[in-house]
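As structure tokens, the structure follows; a few thoughts come after it.
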Amino acid sequence: MHRVTSSNNTSGSTRHRKEKRLTYVLNDHCAGINCLSVLKSAPPNGCDYLFTGSRDGTIKRWALNNTEASCSATFESHVDWVNDAVLAGNTLVSCSSDATVKMWNSLSDGACTRTLRQHSDYVTCLAAAEKNSNIVASGGLGGEVFIWDVDAALSPIAKPVDTTEDKISNGNDGHPLSSLCCSNADNNMSIHNSQSHGYSPIPAKGHKESVYALAMNDSGTLLVSGGTEKVVRVWDPRTGSKKMKLKGHTDNIRALLLDSTGRLCLSGSSDSMIRLWDLGQQRCVHCYAVHTDSVWALASTPTFTHVYSGGRDLSLYLTDLSTRESILLCTKEDPILQMALQDDSIWIATTNSSVDRFPAEVHNPQKIFQRGGSFIAGNLSFTRARASLEGSAPVPVYNKPYFTIPGNLGIVQHEILNNRRYVLTKDTAGSVKLWEITKGVVIEDHGKVSFEKKKEELFEMVSIPAWFTADTRLGCLSIHLDSPQCFSAEMYAIDMNIPGAQDDVKINLAQETLRGLLAHWMAKRSQRKGSPISSNGDVATEKDVSIRNLSHSKLEVDDGAENSKSGMLPSFEFSTVSPPSIITEGSHGGPWRKKITDLDGTEDEKDLPWWCINCVLNGQLPQRENTKCSFFLLPCEGSTVPVITQGKLSAPRILRMNKVISYVMEKMVLDKPLDGGSSDATIVLGVSMTKTQVPSSGVKQSMKSWPKLMPSIDILCNNQVVSPEMSLATVRTYIWKKPEDLILNYKVVQTR
């Protein structure tokens, strides 16, 4: 996913400054579930909660009641994949590919309480101490491992700081620091508006490559880490000091577990092996060849006698660590990413957006082995692979889960259509849908049809500038707006079925989309400031948009682009039932994400890009390029029709051919002698004039002077008659097809 960045303009430089991007995301929890975490609730409520972190950047909290699960909150602030989430008491800690660690009140409505910006790259994994809710560790692709003091990280800022700086030296700034706080300078922690915070975590330095797995014992006195270096590193999280390094795996380490005492460690690797380490002896005591591909997830029984394992081979196994007996619990259609135990069941997360629950007999796993079908795990990684090839693959105990939390279908393919308002998508089930991105809704579900054929069916011969980009990295449509490019596309309001729109009125697609996205923000802002609301429901602009002066030196037969004011037309309406989220950043801090209905009107240029604010509040658009199309307007070769223009003309790109026809007609009619002379008589060439200079009554009066013959004008390009509904840009793109200035020809067709 695109990271929102900017390059500041240096003093006195004329180089164009890269503006901050605004992205809006349609739909959520429609991508793979990367992480699971269960919160056991105390009586009398008795309701457990399951937290699911998705590749779409959101975390959901599910209230679990027997065979029911209801979403009670959505935690939304990350702007990229959520890679892991753990519970430290009632504090939910999450990490993301946006290089941040975030803290939340797990029982709240989903508001982020702190954003920690210490990592230099994707944060891939977390570890928490079950009996010490004050300690959390994080690791990432930058090779960094940090140990966080949760209380210190969440403590309020003791004194005002310069919010223009992202970094602040540490010291005792008035709030109590626990024993885990260190006095490292150069920390980078903030809430979403990037206020700095005087605390730095303890670094565990030693990894030279990416870290993919972490685990901590219950008391928080031992930490293990693993990654692409293929070794298990052991740390003292209280000081960040290295204790030992364990070698044995031949590929990346992807999952780690520690028993409650910190004596035994389990590791799962991309070499398909599970290894049991005795940290006291500093050696591997057992190897388990259970899987045929990478092991990505591990979970153990409370007594650490059995391990559940899953991974890329789509299989979930239960293995007795002492007897080496193993049994296949189930197989999935997608790779298994994470697991979480709840009572006597196990939750399974995969690259699919749904989460399944299977029986696990956590407190008495031997009951599962009594069903039969078990095998003895080998010592070598190729053992299970060879058995699978020989046709002796085990039969799963469970064919289907007894409960599923369904997710939304992720989008795997998309195509922006020529009209630059519709996007065709295909989801994981093969269903093809048509989205109108200016309203954020699906306007037609075509079902399971050929994506390519449907794209051909929906092709329109229109040419509209690419005013947005799109991607589906989050499993849903993300629409990116970059200034000033996003303001390059205009359309006639009447073509968009805007009620009461006049023929010549044009609207800017990005401006109206922004007004729709920020309508709730504008309404809240208006309530705070007491600003009036316009008759069409829009917030009145703070500054009217001045009508640009028309240039009479060029052909301006359509002045619609020049006369629109913000507030004249209703904004595009986005759903408030399933509202899109915006991802952006302002002048301070890093990117942030919120539902458009969660904006409270307090956000300003520190939070939102100034060009967005200037557009929706002041109606001001940045200077744009290539909004005009230059062309020549000449009689057809061999025609007796007079030349009515000289030199090159210029008009808006979306100018329709029927406007050019009207222009030609007006010129010919006004310049024709009204004394009944021949229609083939020479017409005196007048000066080029705009439509506003040609009174409609004069045209009608002149037309009455031709009672016998009414001329009809055809416009041609490359000897092809063009449709009156085509725009200059469309003719240039699909008929002219040359880099040189467009040449249009006209001829008169006499009709009774």
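Using N, Cα and C of the backbone, Cβ positions are placed for all residues, glycine too.
Database features (TrEMBL):
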| type | residues | note |
| --- | --- | --- |
| REPEAT | 75-105 | repeat 'WD' |
| REPEAT | 116-151 | repeat 'WD' |
| REPEAT | 204-245 | repeat 'WD' |
| REPEAT | 246-287 | repeat 'WD' |
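Long-range contacts of the repeat 'WD' (246-287) within the same chain, counting only residues at least 6 positions beyond its ends with a Cβ under 8 Å from a Cβ of the stretch, are 130, 212-219, 221-222, 224-228, 230-234, 293-300, 304, 307, 309, 311, 313, 319, 321, 324, 379-381, 384-385.
Counting residues per DSSP class in helix, strand and coil order gives 2 helix, 22 strand, 12 coil for the repeat 'WD' (116-151). DSSP states for the repeat 'WD' (246-287), grouped as helix (H, G, I), strand (E, B) and coil, give 0 helix, 24 strand, 18 coil.
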